[in-house]
Amino acid sequence: MPITPTHLPSDNFNEQSQLGRLPNGVYVPMLAFFTSDDEVDIPATQRHTARLLAAGVSGLVVHGSNGEAVHMSRRERKAVIEAVADAVRHESDHAQVPIIAGCCAQSIRETVELCQESKEAGATHALVLPPGYYAGILNKDIIVDFFHSVASQSPIPLLVYNFPGAANGVDLDSDTILRIAAHPRVVGVKLTCGNTGKLARLVVDTPKVRNGKHDFFVAGGSADFVLQGLVVGAHGTISGFANLAPRACVRIGELFEQGKLAEARDLQHEVARGDWLAIRYGFVGVKAAMPYFHGTGELACAEPRLPFKALAQDGDAVKEIQQGMAGVLEIEQRLVAEATA
């Protein structure tokens, strides 16, 4: 079945909004969903978009490491962005929600092309990995030039994606990220490396390379250190676990802002316990937990694209996931009930 857009691309962010700092809060690197005949599942994608928006997240990320972009054609990637943009547009209360698209390639030319296609489909920002394929001969000057060249040519602003596991071991230090951040169209960073010291340095030092402006979004890349990041000044988190427990992740930030640190710590402990299963089993594990958190109607959403296979719902891995996530599931269900009461 062909994939076609149902609406024109979204223009929900103007240039001034794009270049201002992204809103604080939880951003969700969305899962990718496929039908039984291995096509992109647009209804499931839009249903999940609406679910996350209702939970109070600040932004959506498509084609991150949880989003199986490497398993999709460029046509399919564009269709997913269009589907998310459509869903955001139809949620009038969320018309200004950022849509950040993973635009990761090894050359400047192809990365810019992905940014252009993402903009056409409705994305407001691009999330870009360093080009790590030739890591053995890659130096910091090449990396900085890569990001600056892409930022100058891209129609949408960039966030740096520091995830060594997805970039052939390339781990950007804070000095290199600061050099990249000097470009006005590089507006943020996702630190999946988990280094909160690096995060703290970037929070305090990015204004020095941006003419005194506090317009650079610094986020951790995992739900197991949301609170730790906030304590040292992070503006939010971009966390795959929020596909499952978005309200719990949002609540950590709310408790921190209210000065309820003991409650925030208790919730962070439970989220970290659940997130560890998501980290261990990766996007396949997160998908396996979808029907556990969001109902048996989402069982089809547990299917990854080949060569990966779904975890057996009656298998030991899913049982471990359910046991390890039971505490945060109870909290998430309580927060849903409170919101709908």
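Each Cβ is built from the backbone N, Cα and C atoms, and glycine gets one as well.
If you check TrEMBL, you get these features:
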ACT_SITE  Tyr161  active site, schiff-base intermediate with substrate
ACT_SITE  Lys190  active site, schiff-base intermediate with substrate
BINDING   Ile238  pyruvate binding site
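What TrEMBL annotates, mapped onto the structure for a quick look.
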residue	record	CB count, 10 Å
Tyr161	active site, schiff-base intermediate with substrate	28
Lys190	active site, schiff-base intermediate with substrate	29
Ile238	pyruvate binding site	29
